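Chemist: Shown below is the structure under consideration.
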Amino acid sequence: MHVQDRHGRPVMSLRLSITGRCNVNCIYCHRDGMTSSRGELSAADIEKLCRVASDLGVGKIRLSGGEPLIRDDIVEIVERINNIGFRDISITTNGTLLEGYSAALSEAGLDRVNVSFDTLNPETYRFITRKDYLERVKSGITSAVDVGLDPVKINMVILRGVNHHEVWDMFEFCREKGAVLQIIELLKTESCHDDAVERYHCDITPIEAELAEMADRIRTRKFMQDRKKYYIDGGEIEVVRPMDNTRFCANCTRLRVTPDGKLKPCLLRNDNLVDTRDALRENDTGRLRELFFEAIRRRSPYYTP
């Protein structure tokens, strides 16, 4: 049984940002390749939070960052979470370290992976990330598919004047690899600064109209913010459109955790966080449950009709 917030939305998944560190420096992210691990939750503390979440009916865990594979204990973290008994464990990664970890992560209990990968063009990749890791990422995607992580999804943020013309090339790449393409509208968040949104935000309505015209079948995923999935010639494309999207909020089922242990009721807000660090230090499970309920109580749609 899922706990519901005061708007009737069930809390079904927990997304833990387990590090703010990253080994790339993307043009739309203001974290600037952060390198400090200060304040990050330990693997044991991550397990404590996940156990409380499981007791409250959460069935899905996603690990993200920063770049989660930077953590030396990432396999241990997945093992600890898997031992709790969640039905789905996933990771969002930039893919640069994935080839070396995919087999161990799969064995530890990881079910699936999302790879942030915005372009197949080496020069464009270097422009976006300020690194030359494109071939590493492609090898990581191949490795993830080969070890049986399923699905492997490619997160492609559409950037005006940068990669907006590459959607079909990326679709062909994904179809060939057996991966699912997710095209994502650039969203203003704590990690994406205003200048980047103003400079690179691209209205993806024309792309979605083209997908609708070409699709053999279209599916609407209610508990994934009513996002559309388009099936085209044996391939799949999902469209993620959070900007000013009331359905994105109305069907949100996710609670988030920051790298330093704050429960985050809303992706787009930082003024209503719930700090769990004292309860974690004191190993106070009862207090952690209370804090989860408080975070759920604070959940409110950011975009409203």
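Note: Cβ is positioned from N, Cα and C throughout, glycine not excepted.
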Chemist: Since Swiss-Prot lists ARG15, THR92, LYS153, ARG254, LEU255, ARG256 for GTP, which candidate among ARG62, ARG126, ARG227, ARG281 does it give for that site as well?
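Modeler: Site partner of ARG15, THR92, LYS153, ARG254, LEU255, ARG256 for GTP, according to Swiss-Prot: ARG62.
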Chemist: Name the one residue among CYS202, CYS266 that Swiss-Prot lists for the same [4Fe-4S] cluster 2 site as CYS249, CYS252.
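Modeler: Looking through CYS202, CYS266, the residue Swiss-Prot assigns to the [4Fe-4S] cluster 2 site is CYS266.
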Chemist: Rank the binding-site residues THR92, SER116 by the number of other Cβ atoms within 10 Å of each Cβ, and give the residue at the low end.
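Modeler: Candidates: the binding-site residues THR92, SER116. Fewest Cβ atoms within 10 Å: THR92.
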Chemist: Could you check which of the binding-site residues CYS26, TYR28, CYS29, CYS266 is the closest Cα neighbour of ARG254 (GTP binding site)?
Modeler: CYS266
Chemist: To the nearest whole angstrom, what is the C-alpha distance linking ARG15 (GTP binding site) and CYS22 ([4Fe-4S] cluster 1 binding site)?
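Modeler: That separation, Cα to Cα, works out to 17 Å.
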Chemist: Considering Cα atoms only, can you say which of TYR28, GLY66, CYS249, LEU255, ARG256 is the nearest neighbour of CYS22 ([4Fe-4S] cluster 1 binding site) among these binding-site residues?
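Modeler: Nearest listed residue in space: GLY66.
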Chemist: Calculate the distance in Å between the alpha carbons (Cα) of THR92 (GTP binding site) and SER116 (S-adenosyl-L-methionine binding site), and round it to a whole number.
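Modeler: With the alpha carbons as reference points, the distance is 7 Å.
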